Amino acid sequence: MSLEDCYNVTQSYAAVAIHKEQTADYVEAIALFQKAKRNILMNPEFKYARERLHVMDYEDRHYVETLLCMLEQLTIRIEFLTKEIAQQEAAYKDIQNTQKSLVTQSSTGSANVAYISGNGPGDRSFIDDGNYSASSFERQNRTAPLQSKVTTASLKPNIPRTSMSSSPTASRTSLRKGAGELETHSAVKSAKKASVKSKSVLPPSKSLARTGLPAEVSTQNNANRAALLAWGSLNSSKPKHALPPSYISSEAAQASRSSFQVERHRPTPDNSAVIEAARRTYSSISSSSSPFKKKTQSHLPNRTTEVPSISKQLSKSSTSIATVAPSLASVSSVTKSPSPTPQSAPRAQSASTETAQDLDFLTPPRLSVNNPFLSDLYPASEQGLSSCEEKDSPVDGDEFFNHTNEEEIIEKQFQSTSISAMTSEKQEQILRECPDIDEELGKSILREIVVSGDEVHWDDISGLEFAKHSLKEAVVYPFLRPDLFQGLREPARGMLLFGPPGTGKTMLARAVATESRSVFFSISASSLTSKFLGESEKLVRALFTLAKKLSPSIIFVDEIDSLLSARSSDGNEHETSRRIKTEFLIQWSSLARAAASRQTADHPRVLVLAATNLPWCIDDAARRRFVRRTYIPLPDETTRRLHLNNLLKYQKHSLSLEDIEAIVKATEYYSGSDLTALAKDAAMGPLRSLGESLLFTKMESIRPINLDDFKTSIKVIRPSVNLQGLERYSEWDKEFGSQGH
């Protein structure tokens, strides 16, 4: 995985993890942050570039520095969330212990009041809050002497009763309370509520909120909810920032919706606005049909007395979070322009803005137009396979992570590091729109579409500047700006790349497909032949029909001489081969238009791009349709030097500039593929010198590649091009080529 791909995948994981953190799903957030961290640490290119940062070029060094900053921030977020989970669990345990002690104290106080008024533990009419009988009082009163050995009946004679005969409950067996008991019970409950309000309550985490609190202290539930409202964490609306549709429909997202919807708290110096918002929010939630309505109907907290006490706890918690939050913005200044810290951020801030600020430290230093993950930024007419899909307007520049199209881009990055192949539903949709072709033949042609994943860019090809310029002018620019290339400027419908084998003709075709962002049909002779009579012509018709449907598109035919060889009149040519050539030429001619009389953009745009090592074997009619015929020669000294430097860029070697010049001089008449084979064989030299000991030698102990390795390999790897054949290429180029030499 390249450094650019590693950055994009890591950013996708981090974006979803930040959403998990904002919805208080800290466990899932930690897991995704750790996955993003492993994606960086386990990347071999990052490991290699990290050790050789001082010798890297500007672009790679920029990506490595960005990944290092991301790695630091991911570690900070993991540590912060781990501590947050531990603090919330400890706070929840304190709440549970407090509730248990409150229940014990209230039941003990009720028993003492009832005992003084004449209702002793032996009287079964004593009940606290409708739940406690005499036997339950015996289990909770731990201070009673010899409680485990005596019963209620044995305790009755030993307890001094002040007015046994005058007790209103002395002679009755009913569990219903009398008038005096009701008055005493209401006093106990008011004391119990006052003690609950005086306790500080922390907002429980999302995982703990699902378990619920004991039913005996339902007022504690209301206090917890009031604390969450004052904290600014309870929100009944959905998250305002965009997320991938695949994630929104997943079980994890459904589980997060069933609990609290929590947004990250931004500390503010003034808590009065937060308290007022908590009051309004609580009143609106209590009156709506929320999942907490049934729990809060019977016991509503006193808003005038509870919310101010919670605001004190809010101010304390705000200071603790403020010490960690600025760490996100501390690195954003390294990778991007300075952004306001959380302390200077406005109070009224939406969730989408907070998400964009959280992603600042993950924003790359530069967005490359060659990034395969940015295909959603272009219009549907420029996306090839995506032209049949309905998409939003394009996004440019820094709006890449702030626009509503973020969910499509994150989903595309999170699923794979390349554009996935067309699904069967997509194929059926395209074939239904093309009823004049057979369904099975159409599927066979669609399988020839090259799926992006091993993109080739102009910088990956050494030299060949004239060929690159010709391809940009004939293919790339017209596909990217069709409004400029109209009328007489209409691009050519055919282009031929010819030259010796191994000079980069196929690489140039792949680079054209990548740079023009078009559908790329890679066709060979076997793709258009069938054992059934007449199906080969139908395959050719289906090829051009689908190319028009999915335009802008490129039909690339490698070794075109095997498909469109010169037709003979002596009868030696097979009938099937002749019919295929005729149908191909007819369908190709249907792409041409009278350009001089047209002033509008020609749709669809389809280019037939071909490569051959035998240009003199191509049929005359096919040669006429190749308007641009570009010669790809053997690399010169400058190209060979550049190619060698690219091959040795990430290798451990001890070659000096003089050594490289010596290798360049010794590799005359070597093609690009010959130089690659030579460098690979020379790289095996240090391993060959170890012999059997290479099985036990560490990587660091292997010597670098030197000049002697190349001298030895030159004796083995010889040029593959015939010198007499080069003269024939030059003659054909002078006669039919786009530029004579």
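Any Cβ shown, glycine's included, is placed from N, Cα and C.
According to Swiss-Prot:
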BINDING   Gly499, Pro500, Pro501, Gly502, Thr503, Gly504, Lys505, Thr506  ATP binding site
COILED    64-103  coiled coil
COMPBIAS  137-155  compositional bias 'Polar residues'
COMPBIAS  161-173  compositional bias 'Low complexity'
COMPBIAS  197-209  compositional bias 'Low complexity'
COMPBIAS  298-308  compositional bias 'Polar residues'
COMPBIAS  309-318  compositional bias 'Low complexity'
COMPBIAS  330-344  compositional bias 'Low complexity'
COMPBIAS  346-356  compositional bias 'Polar residues'
REGION    137-214  region 'Disordered'
REGION    280-318  region 'Disordered'
REGION    330-364  region 'Disordered'
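For the binding-site residues Thr503, Thr506, the greatest number of Cβ atoms within 10 Å around a candidate Cβ is found at Thr503. Its Cβ taken as reference, Pro500 (ATP binding site) is surrounded by 21 other Cβ atoms within 10 Å in the chains shown.
Figure note: comparing Cβ neighbours within 10 Å for the binding-site residues Pro501, Gly502, Gly504, the maximum is reached by Gly504. Summary of the ATP site environment: with the site residues Gly499, Pro500, Pro501, Gly502, Thr503, Gly504, Lys505, Thr506 set aside, the chain residues having Cβ atoms within 8 Å of the Cβ mean position are Ala611, Asn613, Ile632, Ser671, Gly672, Ser673.
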